[in-house]
Each structure stands twice: as C-alpha cells, then as structure tokens.
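All remarks here apply to the structure that follows.
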C-alpha cells in the first residue's frame, strides 16, 4: 500500500506522545452513554427526544436488501417492519424523450419507430417541457469533456448551443479524463450478461470444482475423511486449478480500509473516501444467485472507479458452494479490476440469515469451508478473503474455532473479524479483547507456516480487526495489537469521512462547517458522474446523498465537546453548532438533508420522496 508509514507511532513513543491531543479532565455530570457536549451548545427544552435521533446501523450491513428481497412476494404483499411507508421510487420527466434523440446532431435509429415509440420524438416539445436548468456547469461535462445524458441533462445550458442545436464536446478534457483515470471499470458486456440470463455462460473452472465439492457434502462431519474418499474415486476428484501461492499478493499491513457497506457504500462514496486517504475499498454486498442470473442491479455492484484499483475488493454473499464457485469465476472473468474477492459471513440481517447467508454460515463451518474452497479454485488469480463476527449468539463466541478450521484449509488470504456477535448488534461496544485472542491464533498459524517447507512460500494470512473505530487513537490502539495487520472502518468512516486524514496526522481535525460542506459537494459531483445528469440520475443522486447525510449529520464537532475522545455509541443531547451551517449539518430532520442536497442538485421536485430508515439500536443503554 502507498503512503503507509514504515513504523507505527507506538514504536516512536516520544514523537507520538508529543502529537497526542490535550484531553480535558473528566466530568461526572454526564449520564452514561451521553455525549459530553459543552453546556453553551446544548439546546434547552429540545423538541426531539435523544432516543429517536438516529437510523439503524445494522442497515449499513444489510441496507435495502431486506426491502428488496422481502418484496418478492408479489405486488400486493404487505410491507412489514417499522417503515411501511418508505417508498424509494423516484420521479420521472413529464415528457420523456426517446433515447435515440439524446444527441440531435447524431440521431440513432429507434427500434420501435417514431409512430410506435411510447417516448416523444419531438425535440422542441421535450425541451420546452423541461423544468428550468440547474444553475452552474454540468459536473459530468466538466469532468470528462462531454455529457452522455445529452438533451436530458439538467445542466443542459452549459454544453448546448441553442442556435445551432448542437451539443458541445471538449476533446482536450476527454483525453485528460483518461489520463487521470477518471472512468469506471468492471462493467460486464451486454453479451456476457445475456449469456448468464440464458444459462449459456461457460464456467470452465467452477464446472470442474463443483463435483468435488458435491462429494464433500456426503460427510460434512468429517471433511478430511470426505476428501480422502474423493481422492480414492478419481472420477469425482478434481485438483483445484489455482493454489493460494498463485494468487495476486494481498498486503493489508497498516492499510486504511473502508468496510463493505450496503446502500451507503456506493461508488461515489468510495471514490470520495479515496480522495480522503483510504487505501482499500469494497463493493456493496452482491448476492451470488442474482449475479448468475445476469441481473442489471447486481452487476452494477462490482463496478468501481479506476482510482479504487489496486486495493478494490468485491464482496459476495451466498449459501451454496456451486453458486459461490460460479459467481467467483464470473467476477474473475468479467471484472478486470479486482484485488480480492470477499465472502460475507457477518451480515446480521434476518432475511439473509434465514436463507443461510451472511452470519448464518458461521453456524455451518463445513458449508463455509466448501464455499471458500469453491471460490478459491474458481477466482483465477484473485485472492479470496472472508469477513466474520465473533459468533451468532450473544455471550457465545465461536470465531476462534472457526478461524482455526479456515486456516487449516489454507484457502483465504485474509480474515476480518467484527468484534460483535450477530445477536449483539450495536447495543454494546465491540469486544477487542476477543479480537486480540483471534489475532494470536492467526499469528501462530503464520509462524507455523514459516517452519513448514510446503507452506513456507505461500503468503502469510492477513488479519484485520473491525468494530467501533472512530478516532485516530482507536485506529492506532487496534493496529498495535500483536497479530492485527490493519483495521476495517465502517460507521466511523460514514459519520466522519476524513477519519483517515486524522490517522495520517495522528490528531483530531476540527473540520469547519465549510470544509464539511465541500466534502458533501464533492460527493454530489461524483454521484452525478456515476448516476447521470438527467432527471432520473439527479433523483438517484439526491436519494443516496440523503442516505449519506443520514450518517454524516451524526458527527459532533470535537470543538464543542467537553472532553475527548468521542465515542460512536454516545447519544448526543440536541445541540447547536458554532454557526448556522454547522447546526444545519447536524440536523436530525431529514427535510434539512434534502435542503442540503438542493445546494448542489437544484430544487427537489414535488414528487421526490425520502423517508429515513427506522430508529436505531446503535447506542449504549444508559
């Protein structure tokens, strides 16, 4: 990884000590679990109870999967849960222009014909029906020198000559964008997607491996015995086409890692995090079966910005070894910019758990090992990694035994452990003492590999900790645990996107409201570049900006805290900022989040709807 210091701060005590921030003396008048905000910034007689301020942090791990998967029961199936009214449908234009006429100078042939097409072929009528353009220059045109949205662009005035009826193109900027790696990668071609949909895709690696994995199912209680039986029957035994030593090298030592995050961990967010110092990013969780069905929504998830690679991982969830093997092969062949393939064994969402995916795999180690074996054999030179929790039940940790089994199979390049059980969720702090115990197991395994002639040449298994990292002190305390190579940051990087800048500076950065707004503006530009500058793209960008602001508004400026360090699980009383903008950025009212989006995306249309996810269980119980 680039820009990673050779020595950690703890190895240079004098220097690190000098850089530590001044810690105010502790005051006991704050109730347990309440953020210690200075008295002059606390709002008297608040209109919002403390308990009702925030969305559920479990949603960052499962996001809209619960809504999407739960909606497969037909049109009239009742919506369940606290947020029955959460409707994410976005608005469309009153008059829809046929896509064949996006560029009036170079029209394409409409496959339906002008008379039969349900969209308009009258350019003048379309332009006159459009709402007033958004002020400023088109973010897409500014970034890449042309605008694929053409006449549909909401900033059309900035790249359209009304007199000549021509769209403008900046050829110099087109070349600059390529030189600056300003483009997206891992896009599956339409013909490959069609072959998946028609079940005609060729899985040369997975098809060899699946019969071998099937043979292991016969005796899951004793995998070693099953392997011996399979070897005796040469007709069913297949050697894995790739071994761990033949994979790309994966070095996560001291890397600044952003956790896989569903919904909020989208491409614009990850791209923003790369500009703020992140070394490693991950896709949103993709489900293996929809990938194999060639669905557009699922294949949108492995897409990445070119600046994310190297250091970009694709995360998948599955419950079947055949699906895992095939999905791994498809990603290897169709997504050319992937540094690692991560198996999600930590998602706590009930729906996936009931389907045997996510954290449910921790309860079925034999199935988990088969899945990892299938992925490893079918993913070409892409190393396979796994993300787990301490266990599925509270006060019953199982990760130690599971990690020992995973290591013995030698199928993964890295293991990430979230210091919580599935049942515990976010009501208590992560158990870093248990993370340390598991780190010792991985460290011992790596030491044994050094003494083993057969395994000596293979890469050591990286171990990454995860849970409640919100400050540079949290980060360094974690990476200085023996055996912990690095830390994966989730909520901390959503609430405070500049966390890695603080890690680099080894101090708290009291960002002004203006600086924070600039970051949000950068996100808006990246969002428009990704989703498009037409009405639909702007609606998507606005919706995901609101999801993002649903986390960033939780940041409490360090300058208004009575003592440090801040903690993720502390609930703040209602507070006001040092200026109006800071107060607005900390607002818990989603209508204020929409106002913030309007600073960059223009006025929200009357049909735009956004309802935040349901209340949170993310805070310590007082």
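Glycine residues also receive a Cβ, built from the backbone N, Cα and C atoms like all the rest.
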Inset, instruction - Taking Swiss-Prot at its word that 260, 261, 262, 315, 418, 466, 467, 468, 490, 491 bind FMN, choose the one of 387, 393, 396, 525 listed for that site. - result: 387
Legend entry - Beyond the flanks of the zinc finger (93-124) by 6 or more, those residues with Cβ under 8 Å of it: 130, 148-152, 165-167, 535
Inset, instruction - Please report how many Å separate the Cα atom of residue 466 (FMN binding site) from that of residue 347 (active site, proton donor), as a whole number. - result: 13
Legend entry - Rounded distance in angstrom between the Cα atoms of residue 260 (FMN binding site) and residue 347 (active site, proton donor): 10
Legend entry - Rounded to the nearest Å - Cα separation of residue 387 (FMN binding site) and residue 347 (active site, proton donor): 9
Legend entry - Largest separation between Cα atoms (Å) of residues that the record links to FMN, namely 260, 261, 262, 315, 387, 418, 466, 467, 468, 490, 491: 21
Legend entry - residue 347 (active site, proton donor) to residue 262 (FMN binding site) - Cα separation in whole Å: 10
Inset, instruction - Tell me, if you would, which residue among 260, 491 (binding-site residues) has the fewest other CB atoms within 10 Å in the structure shown? - result: 491
